[in-house]
Structures are given as C-alpha cells and as structure tokens.
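Here's what Swiss-Prot has on this protein:
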type	residues	note
BINDING	LYS195, ASP200, ASP218, GLU279	Mn(2+) 2 binding site
BINDING	ASP200, ASP277, GLU279	Mn(2+) 1 binding site
ACT_SITE	LYS207	active site
ACT_SITE	ARG281	active site
Amino acid sequence: MTEAMKITLSTQPADARWGDKATYSINNDGITLHLNGKDDLGLIQRAARKIDGLGIKQVALTGEGWDIERCWAFWAGYKGPKGVRTVMWPDLDDAQRQELDNRLTIIDWVRDTINAPAEELGPEQLAQRAVDLLCSVACDSVTYRITKGEDLREQNYMGLHTVGRGSERPPVLLALDYNPTGDKDAPVYACLVGKGITFDSGGYSIKQSAFMDSMKSDMGGAATVTGALAFAITRGLNKRVKLFLCCADNLISGNAFKLGDIIRYRNGKNVEVMNTDAEGRLVLADGLIDASAQHPELIIDMATLTGAAKTALGNDYHALFSFDDTLAGRLLTSAAQENEPFWRLPLAEFHRNQLPSNFAELNNTGSAAYPAGASTAAGFLSHFVENYREGWLHIDCSATYRKAPVEQWAAGATGLGVRTIANLLTA
C-alpha cells in the first residue's frame, strides 16, 4: 500500500530556491503549504489543486494549524470528478469532526449529482435521489409526493408539463415536507424551490454545442437546495420546511413546445414563449406558486437561470436578487460566515415590466430594448410569488459548475451555496 503524502502548514515563507511566490515546497517529509495570513483558505485550496495535479492521490494532513475550515478548503480543491482520493484527516474535536463528516457526505453528494451524466440522471432519478438523501438524515420527519407526466397537466402544472413534454422521460414535480414538529398543522417556516432541468438542449431555440456541452448541470439549483436542506437538518433545523423540485428535460421532438405558445398558469398569469431556451423560469413558476400557497416566512428559489448572471459574475459568485433588503443582508451575512461567494445584483420594480408580449400578460424573455437579462428573469419570477416584496430570495447560481478546471477548482460542480442556505435556515 502506498504511504500517504504528509501535508503540513507553515507561516514561514518557502525557501528562496522555490521562488518568492511559492505557496508550497517539497521535502523529504512531505509537502509544506506556506500560509501568508491574507488568503489562507484560498491558498490551501489552490495548493490542493496543484498537489492533485502532481498525481498524488493519498495524503495525510498532519502537524499544527489544521482546523475544520482549512481541512475543508483543502478538500474543495483536492476533490475531482474522476479517480479516487484518500485523505487522512487531522485530530479534530468531536463537533468539528461531525461537521466535517456531514460536509463530506452532503456537499459531495451535491457535487457528484450535478456531475452525473444526463443519461443516468433524468427527472425521476433526480427526484428520487433527493428523497433518498433527505430520508438518510431525517426519514421519520419526511413525507413527499412525486407528480409526473400527464398528471402534471391534469393538476395544472402547466409550465413544468409544457417544458418537459418533449422528452420521452416525463417531467416530475417533487413536493417534500420536512416537519420535525410532528404536528401536521405546524406553520411552514421556509420553502425551497429548485430548477431541475436534467438536460437543456435549448429546445427549438437550440444551443450551440459549445453552450450545450455542460447542460447536464442545469439541475444545479435543485441539487443545491436539496443539499442545503439536508445539511441544515444535520445542524439541528427544528422548523418545518418544504422543498419543491421542478425536474424536466428540455429537448426537441414532435411534441416539444414551440415559440409563440402561450402557457396559462394556475395563478392567472399567461406567458408567451418567445425563447424555448428560457425554460428554467417556466418550470420554477409552478414551484413558486406552490411555495407561495404555504404562506411561509421565507421562500428561496435557486436556479442556473441566465447567462447574464454568469457574464456579470463569472463562475466565481452566486447572484442574489431580492426586493427585501433585510433578508438579502441576512443571506450575505450567512455567506460570509460560511466563506461562500454571493453577490447581490439589481432587482427593481421596473424589471417586472420589461417582459412585454403582444399576445399574453408576460413574455418569457426580454427584448433587445431590455438587456438586463438576469434582473428581468428575476422580475419574471416575482409574478409567481404572492408577496414578492418580502421574504423572497432568488439565487441565480452561476457558481455551481465549471466547464474547465481553474487554479482553485477541478472541472465540474463546486457545491457552493449549500452551507450558506443551511446557515440562513438555522440562524
């Protein structure tokens, strides 16, 4: 058996022979990471990527200075989408070790689920994986309902049915109730709504291959809110929370939806489809209608919704939108506490009116006259939230997935956002 490479921490700079910018050095005892006191977590994560790039697949984190956040930063950079890596963790107290184990179980589940090929993870499989994860942490407190295919149309989930009907794999709505109180009449504290597009071709507004090749990850919002609920439960969540996952493929077929179609939603809104590649908001609308009907204190939806958010923030931050300044501030505080990157982008009342249609109340996409695509998408969603000015957060989760490796992340899913939402739920 190969001996694990020892990884130690030092606050001293590397020997000058390694260069004045060296973040790690190698010696007979192993590898030393040289912290600078400025961005130690980032330095550890980037160094872990380099260590993985050396082909080292077994490591032992030894010596002083390894706390849970430094351990987690190392794993965030060290984990990759293929191959097996083994880490011998340092001694942590019981609470930190339990927290680390929960992160390894749940956030790795999120990353692995997002990375799964679309052929292996259709709408039904995604919903079932979510159920299995949540049952593994709190099965006695979980009930759920799966509605799929033509049952969605019969129950007036017209956005989800319309988008998903073009695939041989039927669209699915997962409605899951986490109720630790044991009281079936207990108020719902929060609702989480996730976009679960298990593959997005763009439909008849078809994507180019360069934009389609990562679209197995278009269910990143659904995976992240599922992981967030599971993680919050491990941190002691004792309030009732409902989860709505809107799962579908967006494909081309003789039965697929078309430009010019009009979708009539249960809340009375009519939407003209002028871009079948703006499908995420169409499925989320159904989930938000259900969430609003619960009258919770808090609604959070999460979706890989727009390229505009990615243009603004890259893959480095999740974009946050809200009319509720106090609530937005609370989420940003949670993000800072969890060392996760969120950035608030504008959402104003006028964005709700920048989706004009000649044939319906709303268009599902903005025109060239209204180019703020991420903000108008959030404005669209607000039409399906009963009290949109209070208690609602929309997260356009552009940091869930990377098509190519960078200095701190392997290619694929990141798991970012799970800790922040869990923090907010348990604050």
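Cβ atoms here come from the backbone N, Cα and C positions, even for glycine.
On the structure: features taken from Swiss-Prot.
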{"residue": "LYS195", "record": "Mn(2+) 2 binding site", "DSSP class": "strand"}
{"residue": "ASP200", "record": "Mn(2+) 2 binding site", "DSSP class": "strand"}
{"residue": "LYS207", "record": "active site", "DSSP class": "coil"}
{"residue": "ASP218", "record": "Mn(2+) 2 binding site", "DSSP class": "coil"}
{"residue": "ASP277", "record": "Mn(2+) 1 binding site", "DSSP class": "coil"}
Message = Taking the Cα of LYS195 (Mn(2+) 2 binding site) as the centre, which of the recorded positions listed as LYS207, ASP277, ARG281 lie within 10 Å of it?
response = ARG281
Message = What does the structure give for the C-alpha distance between ASP277 (Mn(2+) 1 binding site) and LYS207 (active site)? Integer Å is fine.
response = 8
Query = Out of these recorded positions, LYS195, LYS207, ARG281, which one has the fewest other C-beta atoms within 10 Å of its own C-beta?
reply = LYS207
Message = Quick check for you: of the recorded positions ASP200, GLU279, ARG281, which have their Cα within 10 Å of the Cα of LYS207 (active site)?
response = ASP200
Inquiry  = Just to confirm: which same-chain residues, 6+ apart in sequence, have a Cβ under 8 Å from the Cβ of ASP200 (Mn(2+) 2 binding site)?
reply    = LYS207, MET212, MET215, ASP218, ASP249, ASN250, ASP277, GLU279, GLY280
Key: For the Mn(2+) 2 site built from LYS195, ASP200, ASP218, GLU279, further residues of that chain with CB within 8 A of the site's CB center   = VAL163, ILE197, MET215, MET219, ALA248, ASN250, GLY280, VAL283, ALA303, THR304
Request  = Around the recorded Mn(2+) 1 site, report the further residues of that chain (criterion: Cβ within 8 Å of the mean position of the Cβ atoms of ASP200, ASP277, GLU279; site residues excluded), sequence-ordered.
outcome  = VAL163, ILE197, SER201, GLY202, GLY203, SER205, LYS207, ASP218, ASN250, THR276, ALA278, GLY280
Task = Select the most exposed residue of ASP277, GLU279, where exposure means the fewest other Cβ atoms within 10 Å, treating these as the binding-site residues.
result = ASP277
Query = Across all chains shown, how many C-beta atoms besides its own are within 10 angstroms of the C-beta of ASP218 (Mn(2+) 2 binding site)?
reply = 28
